[in-house]
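The following features are taken from TrEMBL:
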- 12-692: domain 'Myosin motor' (DOMAIN)
- 105, 106, 107, 108, 109, 110, 111, 112: ATP binding site (BINDING)
- 569-591: region 'Actin-binding' (REGION)
- 833-1007: domain 'TH1' (DOMAIN)
Ligand SMILES: Nc1ncnc2c1ncn2[C@@H]1O[C@H](COP(=O)(O)OP(=O)(O)O)[C@@H](O)[C@H]1O
Ligand SMILES: [Mg+2]
């Protein structure tokens, strides 16, 4: 409800208790109109649902809608028949109390539709099982059957129920529907023999004639033309545009088999329906004596066959009555009028009793069979005609209005009681409400001896010439002085003008109604002809059940229809009183069955007759609105700084703080034990408006805050997850480590593999950091147990290869060939050249220049000579000692000095006189060539960054191991043409090669090793 409070200007209030002017009928109707215009057909009066027939299909009965109302609080969603259904269902489940939903309203107001919607709601939303499915089907299928036999087209409703129906739906402990039971009230039997203009007989007759197969009709002796039957022509309306009798026939036939009717039973049922039509066509002729005789023998023939009775007996029964004279049973002939009346009485009785049989049969089919369901809970649905007033109101109308009088009494009593109970429970003083107690009218109708029904019974059953008029006189004599009854004779002149002489007027709770006494006696009188006897003899099994022989033997006077009705109504009241009621009050918006038309006069009339204003008055007795503290605080807490964003103390204190802050005056509200009661709607609306304003200001901030909170929460979640994961991993690691330590001396196994791997890993890492610095350093870190064996093996292997573990210094083992070169180098340079020790750990490489780094032309001119080694070198000019980048290539025959693509100088090994080098750490060396060789331009001064390697290679290639001179101080070399050059070597802080002032080449080299 709260959700729509803000839209109230457009769509009115969802609950009439929120009408400011709750006593104004105009305000009430205006609210209905506003809502009806917006297709909002449902409105509450407290927990009573008022429903206005939309006369069009609204998209509000889908499965989604059912789901929306499932398990939700009454006031959280807009009013709906599903909300009432769900509320009853939940109360039944949680409080284990039987429920009933009372649906009332005048014909065409939507009662039957409402009850179907409720049934569908339960069929769809309740838990199910295979067995339950069958029951659900039967419950749903009972509708088309009952409607075929009990509904008819009237001026007000094309599918008007002509009987009252109370249906129990039984639920098991799981809340699944497991059975049902139907009680029927007051079938309008007069319709069988007569219909007003524009109306029809019960649907089943037309369905049979239109839809029945040829074969079937032939057997029943029927023609496919309703106009042929006297009982179907009175209203002159065999066809109705909104009804398709043929397809309805199929639906009914199918429904009959779902419910469990055998083919024979259907056949017998249809025999009876056809018999009624044949009975209607029986015509009488009058003898001179005035006695009636039958002129239509064919009908008798059919009837005899269909009813399974003797034709002549039936004939006699239709023209004679039974009288008892001096203790003897005699038959006396009937006159024309009496005979027709006997015929019609038989038709009505046959049809009426068959209808009751049908209901019983459906009940057998719906009855739950399982013993364990004994304690089933029940929801009852009462779909009964509402209070109605016509121009002429007959005995049947009297019964209907009496029924409504009783329901109103029940309603007021129960509503008042529940209000009173709630006030008491909440500790709030009950202020008595002024309301019209209609007990006085109920008493007037039903009181023993003095009541209208008793008087009618007496008049009906007394010997002598009782008539409708004598009944009226008796009424005048017995209850003439009653404030709620008057007659033409008793009333004042003004009222007399609007009353007939055969009428009595009752002042109902809903208004005054004049009832015509014409035919009252015959209406209430049971069949007093010989016909029941004939029916008892029938071969038709249904009829023999309907007309019990025991009934004939009963010497007591049969109960009149009025008493029967009174008794059944009393039983109904008992049933309803034992349950917790909910109410649906249906209103018809116009007489034309048109969508969107809101006929105010008609609606005002119904609002009055349904007693809705009275309902509202009782419901609004003290307070317009009440809510649990929690709900109220939750909704409005943002309106008070102390309660926002949350209230920590007691709920009642929170609400009290809140309403004080809102400025509620003491007379505007009361605080109960668990609820706040607000007296006037305007107080609530003011609060609601304040909330709306507050929402706008809160809206933006809240949305930012809520977004930030979401992000924060998300991020915090991630961090927490990570922390948890790390902690988990750490715990696992520690656990594995401890386990591994315990198993460390075992063979490798899942328990210790992690530990062993870790120990190895950390040993190798330590080893890497602490490798011996020189080849002479024999120290070796102590390996862990797991690595002792492999370390020993490895060191032994290395020693064998290299007479020491040199080659395992972080590099792959050297080839024996290169180790050999190392040995040569050692021979030449060990203890002779300062940078030799630095060269020792470094492996000699195959070449320092690969094929791509040497110009192809050079390679081409070398031809088939095999390249053994190449290294970039610096050449110092003989004149001026200018440094030039060159490549030194060692082939199998010569050393070649190359400048890019040019072969600058080729020195055959054979011609290589010697090689000079200093003892210092520099890389300068001289290749000596013979001076007499004209091709040579003199000795070559070169510098290599890998001097030890380069010279070892040269020495090996040229086989000049012994021709390497390691000089101290200086080297003299020839420059060609007999001239000499000198290179001076000195120790210094850094390497420097330059021409000195004295014309020598000066080489300064840092001292690396102290000797
Ligand atoms: N909720 C509804 N939605 C759409 N049409 C409805 C609704 N209630 C009733 N009607 C229409 O009104 C007609 C009469 O309703 P019905 O329930 O038979 O009235 P009642 O049982 O009160 O005499 C229905 O046949 C249907 O066309
Ligand atoms: Mg109905």
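Glycine residues also receive a Cβ, built from the backbone N, Cα and C atoms like all the rest.
Highlighted here are the binding-site residues (106, 107, 109, 112) whose C-beta falls below 6 Å from ligand 2: 112, in sequence order.
Counting other Cβ atoms within 10 Å of each Cβ, the lowest count among the binding-site residues 107, 112 belongs to 107. The average pLDDT computed over the domain 'TH1' (833-1007) stands at 89. Just so you know, the Cβ of residue 110 (ATP binding site) picks up 24 other Cβ atoms within 10 Å once every protein chain is counted. Each residue in 53, 157, 385, 386, 586, 588 lies on the same chain as 105, 106, 107, 108, 109, 110, 111, 112 and has a C-beta within 8 Å of the C-beta centroid of that ATP site, without being one of the site residues. Every protein chain shown contributes to the tally, and the Cβ of residue 106 (ATP binding site) ends up with 23 other Cβ atoms within 10 Å.
Most buried of the binding-site residues 105, 108, judged by other Cβ atoms within 10 Å, is 105.
Scoring each of the binding-site residues (109, 111) by how many neighbouring Cβ atoms lie within 10 Å, the top position goes to 111.
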